[in-house]
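I have placed the structure first, in the form of structure tokens, so that the comments after it can refer back to it.
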Amino acid sequence: MKDLIIFGAGNFGREVVQLVKDINTDKSQWNLLGYIDETVEKQGAMINHCMVLGNLDWLKKNIRPDLWMVCAVANCKNKYSILNKLSGMKVKFANLIHPNVKLSHFVHLGIGNIICWNTFLSIDTQIGNHIILSPGCAIGHDSVIEDYSTLYWNVNLSGNVRIGEGCEIGTKAVVLPKKAVGKWSVVGAGSVVTKNVPENSIVVGVPARPIIFNEQDY
């Protein structure tokens, strides 16, 4: 089995522990060593029977060529910041895919992706790097999800949808066919996207309408 560390000991990190257990129950693949987390109060703690090994300094001292990692941080800007800090450390990033995920032929996967249970990816979908697909997501044919994005529970992307870099798509949101969500945008829970969403937007409602623009600082 391959040694694995989870970056992030928050709520989603705990879910990833369960994901790893489910993967190993189906076929032994990962030796889960523990979490890396920057929170001082969590250092050395046992969380869901998994230890917080240390922070980034610990990782720098203990990194090795056969060590794998995933970033279990759902907030996209925080995830981006963490991965930038890891960029010079020659970290190997794993794809964690639940055994019951329906992964169609001709799906293109990057690295560091976390794809949770009961998720469906149709033909010719393109999944970038460090994407989180929460449980119950459905990704339609020829859709593209760019790096660092997070889709929360039961998101439905129709065919030929494009989700830009660093987007957060809220629980049970729907994006209609051939629509695009611009990079670093947020789609609120339960929203239905019927028109293209500009970059750095927050949209909510049925149909989804912009309410505010994010500040882009990188």
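In case you wondered, yes, glycine gets a Cβ from its N, Cα and C as well.
Listed features, source TrEMBL:
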DOMAIN    3-86  domain 'PglD N-terminal'
ACT_SITE  H141  active site, proton acceptor
SITE      D142  site 'Increases basicity of active site His'
D142 (site 'Increases basicity of active site His') has its Cβ surrounded, within 10 angstroms, by a count of other Cβ atoms equal to 17
How many other Cβ atoms sit within 10 Å of the Cβ of H141 (active site, proton acceptor)?
-> 17
Mean pLDDT for the domain 'PglD N-terminal' (3-86), as a whole number?
-> 96
May I have the DSSP-based helix, strand and coil counts for the residues of the domain 'PglD N-terminal' (3-86)?
-> 37 helix, 24 strand, 23 coil
